[in-house]
Each structure stands twice: as structure tokens, then as C-alpha cells.
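Peer 1: Take a look at this one; I'll ask things after.
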Amino acid sequence: MSYYTLAEGCPYARNDTSVQVRNGSGGGLVLLQDTQLIETLAHFSRERIPERVVHAKAAGAYGVFECTNDCTDITSASFLNKVGKKTDVLWRVSTVGPESGSADTTRDVHGWAMKFYTDEGNLDWVFNNTPVFFVRDPIKFPSLNRSHKRHPRTHRPDANMFWDFHVGNPEGIHELIHLFSDRGTPASLRHMNAYSGHTYKFTKEDGSFKYIKVHIKSQIGVKNLSTEEATRIAGENPDFLLQDVFDAIESGNYPTWNVYVQVMDPKEAETYKWNIFDMTKVWPHQDFPLRQIGKLTLNRNPQNYFTDIEQAAFSPSTMVPGWAPSADPMLQARMFAYPDAARYRLGTNYQMLPTNKAQAPVYCPFQRDGLMNFSNNYGDDPNYVGSSLRPTSFAVNSAGKGPASTITEHEKWVGEVSTFTSTLQHEDFEQARGLWNVLGREPGHQDRYIANVSSNVKNVTSKELREKVYYLYHCVDPKLGQRLKEATEAKV
Ligand code: NDP
């Protein structure tokens with residue numbers, strides 16, 4: 001277009017001046033009839049939508065997922081039904097605690113979200129760059145995040161609050177080993193691995209299923225910043241990780257990852273030594289080796305950050321046939337909380353926004369109207385079930401069956417209603433110890449870990465609380481507890 005208009009289309013001669021009643025060449029009174037001025041000011045005040053309460057600072061891009069291995073023995077998911085099949089994806093990777101304007105090299109867990117625009121609707125993966133999490137009971141999720149964010153009085157991150165939460169909720173020790181290891185400060189998002197954390201299910205049309213965990217591994221390997229580098233870069237370029245991935249894609253150096261699953265038969269789950277619905281635990285590789293399913297390539301930057309990335313909404317409840325939830329309580333709670341956050345942040349009809357819209361056909365006439373509805377709203381189609389005017393009808397496949405459900409119908413549950421215990425358990429330290437030993441395989445890594453934690457714990461003002469932190473680490477390994485105490489007390 002060769003000229004500007006108002007938002008309703010009226011051509012406007014000048015966009016750089018308000019209409020004024022002037023006296024000579026000086027300034028004058030502005031007029032209420034200057035619609036351009038009023039709209040400009042009013043819209044500016046409303047440009048911000050609520051920032052995500054967690055995962056606010058993020059990079060985003062588009063790419064493609066390619067199925068590389070035959071998966072038809074474990075899932076009927078359409079995007080995995082043929083080797084070589086490609087599915088468009090949206091990718092968004094974030095820090096968790098700090099705000100949208102914060103430095104992205106700050107030590108933190110990194111969220112890893114993907115939206116697969118499959119031919120059977122959208123599938124969202126809402127993962128992290130660590131294979132475990134701090135808590136296994138969803139009621140603790142807001143508390144965990146508050147303890148990592150700003151103190152209610154000082155409005156600063158607060159070591160007392162952080163460690164008070166963790167000594168009181170020690171099931172997070174495994175994740176704390178990840179957080180303060182070298183992987184807490186990735187050198188780039190291209191050099192980062194990611195994990196489903198939760199157990200999910202691959203399902204088949206015959207009603208059978210397997211439990212799975214997903215692993216996404218960088219093809220260029222894992223690389224991290226030292227704490228000193230991360231701190232320096234945070235001051236010099238707070239958008240360092242965003243810039244790195246944007247520039248790489250822009251120059252055609254497309255980031256790539258291999259995607260794997262660990263597969264467990266439901267029978268094995270019943271007797272396996274770990275509760276597979278506990279998000280603080282991994283499945284050891286030697287028990288459940290990785291099996292490749294695909295490859296991810298990022299190949300296009302967003303055209304507009306707000307439209308493509310800020311308005312993107314991801315939820316573990318966005319699923320396709322062949323992929324299903326497990327009974328992990330954290331996962332079940334996230335399936336409610338994420339769409340709820342999107343409804344608050346973006347509005348009732350967030351699924352219509354271009355970045356969230358399925359590329360597969362959508363027919364959902366029971367979800368209509370609502371604020372900012374910019375669809376045809378299903379015209380005069382019945383908006384109630386059981387209509388004789390438009391009877392319930394399913395497309396039927398060659399076996400005479402309708403579309404597959406994402407719920408595995410033969411999964412049976414029998415149990416008692418009770419509170420879910422999250423209290424200190426001996427086993428919570430076993431895998432944390434395993435990871436501590438993994439760090440020990442790499443020269444200097446355990447030393448760096450102790451330096452990282454002690455630099456943080458030294459800010460805990462209560463000696464009693466510091467002692468509790470040393471005890472937490474003592475339970476992982478008495479030598480670790482002792483070394484941490486010595487290193488910290490020398491800095492206090
Ligand atoms: P393995 O010895 O078979 O594998 C250890 C895994 O740890 C590696 O495959 C690697 O996974 C990951 N790893 C290597 N170095 C680091 C590091 N510096 N920081 C974090 N992770 C690292 O061990 P197990 O499977 O028996 O697990 C032992 C411990 O390893 C666990 O307690 C767990 O915390 C950690 N781990 C296990 C994973 C799993 O799913 N089994 C995944 C990641 C970590 P990768 O190549 O995926 O990065």
C-alpha cells in the first residue's frame with residue numbers, strides 16, 4: 001500500500017502530526033475529533049498482554065519434524081506413520097523464572113515447547129532441558145516458582161526463600177543437581193538437549209499402548225558456558241541466546257536435533273523399581289535404551305515476534321490420536337493449567353490465533369462465540385449435541401471404525417482417594433547420587449558444581465538454614481555435604 005489509513009481503513013494524509021487549534025507557529029490545543037491521535041494513544045497503552053507468569057523470556061522459530069524410523073509397532077500417530085514424513089512445527093524455548101526482559105544466560109531450567117501442526121490436529125510438547133523436575137505434586141508448583149522469583153518485600157531474588165523451599169521439599173534434590181551443574185548455563189539453545197520429563201503413552205488403534213519418555217538430543221552436542229562467562233554475557237548482551245539461534249537460522253546454519261523415545265511395556269511398569277509417574281525420576285538408559293523416531297530442524301525465523309511467538313500457546317493437553325497422557329499427577333494438572341493460562345493471557349478464542357490454529361480441519365461447533373471471535377462461528381450449525389438436523393457422524397475407516405481417541409480405552413484404574421505423599425524418601429537421593437556420579441566422570445565438573453551452589457548458599461542469612469542445605473546434600477553424598485559446607489562458610 002502506498003498510503004496510511006486508520007485501523008478501519010480511512011486513508012489519512014499525515015501520520016506524524018496531531019490536529020491542533022494553533023495560534024501562530026507555537027503549539028496548540030489538541031482536538032477530541034482527532035481520531036488518529038486518540039487511537040494512537042489508546043492503542044499504545046494496551047499493547048502489552050499479560051506476561052507469562054513463568055517462561056516469559058523466550059526464543060522462537062519454525063521448523064520441520066521428520067519421521068526417521070518406523071514407529072508403527074508402538075503408535076498409530078499419523079505424524080509418525082511413515083519414514084520420511086514431514087510435519088511443520090513451531091518451537092519456543094525459554095528460561096523459567098525471570099521476566100521477559102531478563103538476561104537469558106541466567107542460570108535456570110529452560111522450557112522447551114513445540115507445536116506440531118499434524119494432519120490429525122495439533123500436538124504440543126511442553127518439555128524442559130532437564131529430564132526431571134523439582135516437585136511431583138502439582139499443588140507445590142506455584143510455591144516452587146514463587147520461591148525462585150522475587151521476594152514479596154524486597155522484590156529481589158532471595159536465597160533464603162529459594163533454599164527454604166528446597167530443604168522443605170527435598171524431592172527436588174535430583175533437579176537441583178541438574179540446575180547447578182554446567183547444563184544450568186547452556187552455551188546456546190542449539191547446544192541443548194530436552195526431555196519430556198513426564199511419562200506419556202504411545203497408543204495404537206487396537207487399544208494397546210506403551211509408556212514412553214521423549215529425549216531430544218542436539219546433533220552438534222551439548223555445550224555450556226562457565227558461570228563466569230554466563231554472568232559476563234548477562235551484562236553485555238541479555239539477549240545472547242535469542243540472538244544466537246536467530247542469527248544461525250538467518251544465515252542458513254539450521255539447528256538440528258535427533259528425537260528418541262524410551263519405551264516401557266505397561267506390564268513392566270507395574271513392578272518397575274521406580275514409580276514411572278513421579279517426575280523427579282528418570283528411567284535409566286540401561287533399562288530402557290533410546291530408540292530414534294525422528295529429527296527436528298529449525299529453518300525459519302518468525303516474521304513477527306508478537307504474532308508468532310508471544311501469542312503462541314502450548315499445552316500438554318493438545319494431543320493427537322496415538323499420543324496420550326499418563327497418570328503423572330503433574331502432567332494431569334498441567335493439562336488444566338496451561339490452557340487456563342492461555343485463556344487468561346490471550347482470551348477465550350486463543351486457539352483461533354494464526355500461530356495456534358491447526359492446519360488440519362477443525363469442526364468444533366460446541367466451542368463458539370466468546371470475546372474476539374474472528375471465525376465464521378459455524379454459521380447456523382446446531383450448537384448442541386444430539387441434533388437430528390446434523391446427526392452425530394464420524395468418518396469411518398476401512399475397518400469400520402471412527403477416529404481414534406487420545407484416551408486409551410482399556411486402561412483400568414482401581415484405587416482409593418487419599419492425599420499424595422511427597423515427603424522425604426530415601427529413594428529421592430538415589431538418582432540424585434547417580435547424577436552426582438555422572439558429573440564426576442568429567443574433570444572439574446563436581447568442583448564447579450560446589451562453586452556454583454556455594455556462591456548461592458552464601459547469601460542465605462540464617463546459619464540454621466545453611467546447615468539444612470548442607471544436610472540435604474549430605475544425604476546425596478556425605479563428602480558432597482562436607483565440601484559444600486566448607487566452600488560456603490569460607491565465603492560467608
Ligand atoms: P547413564 O550413565 O546411562 O547416562 C547418563 C546420562 O546423563 C547421559 O546419557 C547424558 O544424557 C546425561 N548426562 C551426561 N552428562 C551430564 C551432565 N553433566 N549433566 C546432566 N546430564 C548429563 O545414566 P542413567 O540413565 O542411569 O542416569 C544416571 C543419571 O544421569 C540420572 O540420575 C540422571 O539425572 C542423568 N540423566 C539420565 C537421563 C535418563 O533419561 N536416563 C537423561 C539425562 C540425564 P543425555 O545424553 O540425554 O544428555
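Each residue, glycine too, has its Cβ placed from N, Cα and C.
The following feature annotations were taken from TrEMBL:
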- 5-393: domain 'Catalase core' (DOMAIN)
- H55: active site (ACT_SITE)
- N128: active site (ACT_SITE)
- Y338: heme binding site (BINDING)
Peer 1: Tell me the Cα distance separating N128 (active site) from H55 (active site), rounded to the nearest angstrom.
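Peer 2: Taking the Cα atoms only, H55 (active site) lies 11 Å from N128 (active site).
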Peer 1: If you count Cβ atoms within 10 Å of the Cβ of N128 (active site), leaving out that atom itself, what do you get?
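Peer 2: For N128 (active site), the count of other Cβ atoms within 10 Å is 24.
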Peer 1: Rounded to a whole number, how many Å is the Cα of the residue listed as 'heme binding site' away from the Cα of N128 (active site)?
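Peer 2: On Cα coordinates alone, these residues lie 15 Å apart.
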Peer 1: Please identify which of H55, Y338 has the densest Cβ environment, defined as other Cβ atoms within 10 Å, among these recorded positions.
Peer 2: H55
Peer 1: For Y338 (heme binding site), what is the secondary structure by DSSP, using just helix, strand and coil?
Peer 2: helix
Peer 1: Averaging the per-residue pLDDT over the domain 'Catalase core' (5-393), what integer do you get?
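Peer 2: Over the domain 'Catalase core' (5-393), the predicted model scores a mean pLDDT of 96.
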Peer 1: According to DSSP, which of helix, strand or coil covers N128 (active site)?
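Peer 2: N128 (active site) sits in a strand per DSSP.
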